[in-house]
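What follows is a short report on a single structure.
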Amino acid sequence: MSSFVRFFREGKGRLTACFTTPTARFFLGRYHGRPVALFADAGKVLAAAHLFWAYGYDWGTVSGPSMLPGWSVWGEGAIISHRYRRGKDIKVGDLVRFKIPVDDGLAIKRVLGVAGDYVLMGTPETGQDTMIQVPPGHVWLIGDNLPASRDSRLYGPVPMALIDGKVVARTGAWPWQMHAIENPFDTQGTHELGQDSGVVVSRTD
């Protein structure tokens, strides 16, 4: 008997044995003797899960000092909505997750400027007062804690294609312990961060 035939028979025997337990009979009874249907439905479930994570919602973490004081340095959970992939409907003040242009990592920063906005490239403390206009298809991203943040002041405007989602909620120890977060500019009714962070954005509209 060839090794392939032996492997096939042993695998079939193990699969049949899986249906003998009460739990398996309850959940998988309809697939007994129908392995093709089992694998087909399993494939559908995996495909649906992939679509949910790719185009629905995702769970990530915000850690490090760059987003203090709003987010803990020790790390907090964040719910990411992929409806905003590639910067769709992103506004100034939103928190977005994106691929860092200078390496392969992911980061979460706040949108300070969108295409057409003029932003200060540095901070007033450095004495650098040069401004830059955000080019089309890009956003200017910063951390809330400027002295401890590596952001657009280091790697420049970020292509919107690198944005994979928007942070819509924060979580506790478990993803379902969530609280929705709001865009601070929606409540302040302004697009200036000068008093809080020393970074100014000038709108062109």
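Glycine residues also receive a Cβ, built from the backbone N, Cα and C atoms like all the rest.
Annotated features in TrEMBL:
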- Ser66: active site (ACT_SITE)
- Lys109: active site (ACT_SITE)
- 46-120: domain 'Peptidase S26' (DOMAIN)
- 130-170: domain 'Peptidase S26' (DOMAIN)
For the domain 'Peptidase S26' (130-170), distant same-chain residues with Cβ under 8 A (at least six beyond the ends): 58, 62, 64-71, 76-87, 90, 94-102, 106, 108-123, 178-181, 197-199, 201-202, 204
Tertiary neighbours of Lys109 (active site) (same chain, Cβ under 8 Å, six or more apart): Ser66, Met67, Leu95, Val96, Phe98, Leu141, Ile142, Gly143, Ser149, Asp151, Ser152
Three-state composition of the domain 'Peptidase S26' (130-170), taking helix and strand from DSSP: 10 helix, 18 strand, 13 coil
Protein Cβ atoms within 10 Å of Ser66 (active site), excluding its own: 22
Confidence summary for the domain 'Peptidase S26' (46-120), mean pLDDT rounded: 85
Three-state composition of the domain 'Peptidase S26' (46-120), taking helix and strand from DSSP: 19 helix, 29 strand, 27 coil
